[in-house]
Each structure stands twice: as C-alpha cells, then as structure tokens.
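A.B. asks: Here TrEMBL flags 25-49, 61-82, 102-123, 279-301, 321-340, 352-371 as transmembrane segment.
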C-alpha cells in the first residue's frame, strides 16, 4: 500500500492542502516585482556610489558591506543550493541505483568549483596578456631617439642601442620612471601611508602593475555567470509552485538574497571599471534573471510534476553545480581577495568589523532556510 501511494505521488502532481492556483498566481506577480526591484537596487548602489565619496570601492564602508554580501552568497551556496540539491538527488522517487550509492551533490559541487577555478585562471591569463600587449605598444610609442654628436669624425663602433642613423634608441623612459617610483613606494614594509586596497594578483611589466584590473574583470564576469545560473533555477522553483504557503516566505527570502548578491556583483563591476554601457547591460542581465525564471516556471506549472525523475535529477544537478560556483566565488574572489589584502591587514578595526559583517550576512541568510 505504501509503495502504491509512493508511485502515485511520484507520477502525479503533489497533493498540497495549501494549493490555491489563483492566489499563487497573484503572489508570483508580487514576487516578480519585489525581486526585480531588490536586485536592481542592490546592483545599482555600488555603480552609482562609485562616484560618491561614501561608497568608493577603496572605502571602509564599501569593504564591510561587501563582506556582508559575501556572507550571504556563501550561505546561499552551502545552506540553500547544496541542501536543495541533496534533497532532490536523495528523493525516494529516484531509483536507488545510482543516486543512493554515491554522494552526487558534493561531487557536482566539487566539479563546478574546479571548472570555475579553470575559467577564472584562463580568463585572468587572457586579460593579463592583453594588458601586456597594450603596455608594450605604449612603450614603443613612447620611445625616443637621441642624436649623438661624435667628435673627430666617424666611428665604426656603435654604442649599445645606437641606430644606423647615429642615434640611441631609448625604450620606455616613462615606464622606467614609473618603475623607479613604484619600487620606492613598495620598499616600505610597514602599513604607513597605505590608502588603497591591495586586491589582485598583479605583477610588474615595464613599471606597470598588471593583473589587478584583469582580476576584477574576470571576477565580475564569472560571478555574474554563477549568480545568474542559480537565479534562473530558484526563479523556476518559485514559479512552478502553486502553494501560497510556500511562495510567501520565498518572496521575502529571495528579495533579501537578490539585493545583497546584486550589491556584491555591482561592487565587482565597479572595481573592474567597465564602461557605463557594459556595466548597465550586466546590471540589467542580473536583475532580470530571477523574474524571467519565475515567468518560465509559471508558464509550465500546470504540466510540471516536481516529483518526476527528470525534474528531480535536473534540479539536483543544477542546484549542486550552482552551489560549487557560489562557494568558490564567495571564498576565493570575494572573501579571500579582501581579507588577505594589505588594506585589511593594516587596519585591525576594519578586520573586526568585516568579520562581524561576514558572519552576520551568512547567519541571516542561513536562518532564512527555516522559513523558506
């Protein structure tokens, strides 16, 4: 009898005493508006504030707010997405083999984190080489020729760097001067006079510090891909639900979640110094993904069976992959990049406040799992 009822549950729509299709549809419209506004506000604050003194990306307020947002993203990956993937892939409606014989959620999360690392590394290498080529072109354009006046007629021997026309080719005088200044500024081992956050994995080439800008560009793009992928998933999950009891707490949880994920993404976009058009496109793309997911879920809700094998496997794999991406980005490109920076190590008060904000963000996002 139990097996029969289980088959009915797995092959048909779930029986829910709180189901109300018309009320659920109205709540989905509210969810679309609330989440859209929250996401747009979150991603816009750092982009608008980068020209304001109180929210500049090298300010303490921005660093602490970003730590809070990083805690939200970390808890989203560990507590919400990975837990959701585990619940789906351990569902009794799935065949016992292979889903109960191997820890697939953790495996998919690990694979996603390693792939994200590879994309992160390759993207950074690409942008660093691009910067090096641009720096090399600038050096060549800044080279000058100094004519030599030789006494006593012609001399067959050339000075090092001398050209056939009788001049010395001096490459990158401006770059050498910049290198000289940079060497002096980096010679101090103390924190005195340090006013910028030392984020990135830069190296010098001709006196120009490369890598930091490339890291910000790659971080913002990979973070957006990770956030967008799971935003679509959670949007569809909300859209297919026909239970107002499920949708109401999700509206508050997802609005909170989208605002702070948007803030972290907007901060990375601001640090990458994209042009206004590119920054606007990335911001709009983020803000629209969850509402689009809700719309897709609403469209297929009438024919969707959340307990079918295909739906459970797809949901479990996508949730697990999203968890791996979010955990990697939160730990490596948001938390480690700031907490291991020169700015943070030289400011004990900023360390304490940032740690508190990090744990507060992670704790609040984790506690939402109780209601959502």
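Note: Cβ is positioned from N, Cα and C throughout, glycine not excepted.
Curation does not apply to TrEMBL; its annotations are automatic.
How buried are the listed features, and what sits near them?
C.D. replies: Long-range contacts of the transmembrane segment (25-49) within the same chain: residues 55-57, 62, 235, 238-239, 244, 247-248, 250-251, 254-256, 258-263, 265-267, 269-270, 279, 283-284, 286-288, 290-291, 294-295, 298, each at least 6 residues beyond the stretch ends and with a Cβ under 8 Å from a Cβ of the stretch.
For the transmembrane segment (61-82), the residues of the chain that approach it from at least six positions outside its boundaries are 46, 49, 54-55, 105-106, 109, 197, 227, 230, 233, 256-257, 260-261, 263-264, 267, 319-320, 322-327, 329-331, 334-335, 338-339, 343-344, 350, 353-355, 357-366, 369, 372, judged by C-beta separation under 8 angstroms.
Listed as Cβ neighbours of the transmembrane segment (102-123) (distance under 8 Å, sequence separation of 6 or more from its ends, same chain) are residues 82, 85-86, 89-90, 214, 217-219, 221-222, 226, 316-317, 319-325, 327-329, 332-333.
Within the same chain, residues 63, 66-67, 69-71, 73-74, 76-78, 81-82, 85, 105, 108-113, 116-117, 120, 197, 199-200, 215, 219, 222-223, 225-227, 229-230, 233, 264, 268, 351, 354, 358 sit at least 6 positions outside the transmembrane segment (321-340) and bring their C-beta atoms closer than 8 Å to a C-beta of that stretch.
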